[in-house]
Amino acid sequence: MPNDTRITGFILLGFSSAPELQTVCGLFFLVMYLAVIMSNLLIITLITLDLKLQTPMYFFLKNLSLLDVFFISVPIPNFFINSITHNNSISILGCALQVFLMTSFASGDVFVLTAMSYDRYVAICCPLHYEAIMSSGNCVLMVGVSWAIGVLFGALYTAGTFSMPFCGSKVIPQFFCDVPSLLRISCSDTLMVIYTSLGIGVCLGMSCFICVVISYFYIFSTVLKIPTTKGQSKAFGTCLPHLTVFSVFIATACFVYLKPPSSSASIADRLFSVLYTVLPPALNPVIYSLRNSDVKCALKRLQQNLCPSGSLHVKIQSICPWICGSHFKQIL
């Protein structure tokens, strides 16, 4: 006979039940989290302060980095605290908040990446109309719509998930509250609400995917017509990083959320959850900074403004004559 006791909270199993391994995992994730946060904040700072990066592409990149900072800040700090305190419990309200925030920021990521693909399409295929199409007002509108749709879908997805009663085991075999794990412990006979919201999410995701595919079809068709290899490499250099980030994010998200439900979570489920949570926010600064000369130049200009070379030498030269002169007068 099934256990119909209603659950008021959950236990996040994490990666190990051993306290020592929990602490090690928590510290490891903290180091990764700090590295991701600092690199994304550096991208945001460079784009905000450098006048040469005030373009639509970098405006979208700044919002993408901001979404990544918020996205990774939902599960990782909580997992670190749980690992240090060895208290893996989370309330239903806290779990619902995690699902809402992660779904909202992940959805916003997908729509901003789609807007970035459209920006690359206009820049390469319609360069004469680029400034008119990608005006500041249109860019703000696209980003605002991306954030708004992300929040609306996050609210719908969370409402659909937590409209079901939970009973039986309260252990979630993940380091954060994910919907597949919640579906395993649901005692509802019908999952129409959650499947409806999931279907809406799949439709939105497929729409974005189709838009990106169509954009890059026209982009690659135009780039291959460029007579010089230098022009082709420059065009590919601005598109391939975005395409890489989009592909990694979509692939890991599909494995996490579209995988057929099973009775228990495997090691592969946890591994892909880590990749889905950590890898896209970590890849964005690396790909867009190491392969982007504009970002490298902006970083050098920021370093020169913060620590101008020769400033200390100039100050010493201006101080030394005054010291030597005063000392010479004292001797006389």
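A Cβ is built for glycine as well, from the same backbone N, Cα and C atoms used for every other residue.
Noted in TrEMBL for the protein shown:
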type     : residues : note
TRANSMEM : 27-51    : transmembrane segment
DOMAIN   : 39-288   : domain 'G-protein coupled receptors family 1 profile'
TRANSMEM : 63-84    : transmembrane segment
TRANSMEM : 90-118   : transmembrane segment
TRANSMEM : 139-159  : transmembrane segment
TRANSMEM : 192-219  : transmembrane segment
TRANSMEM : 240-258  : transmembrane segment
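When Cβ-Cβ distances below 8 Å are used as the criterion, the transmembrane segment (240-258) is approached by residues 106, 109-110, 113, 116-117, 120, 178-180, 198, 201-202, 205, 209, 212, 216, 269, 272-273, 275-276, 279-280, 283-284, 287-288, 291-292 of the same chain, each at least six residues removed from its ends.
Long-range contacts of the transmembrane segment (90-118) within its own chain (CB-CB distance under 8 A, at least 6 residues past either end) are made by residues 7-12, 57, 60-61, 63-64, 67-68, 70-71, 74-75, 78, 142-143, 145-147, 149-151, 153-155, 157-158, 161-162, 166, 172, 176-179, 182, 201, 204-205, 208, 211-212, 215-216, 242-243, 245-246, 249-250, 253, 280.
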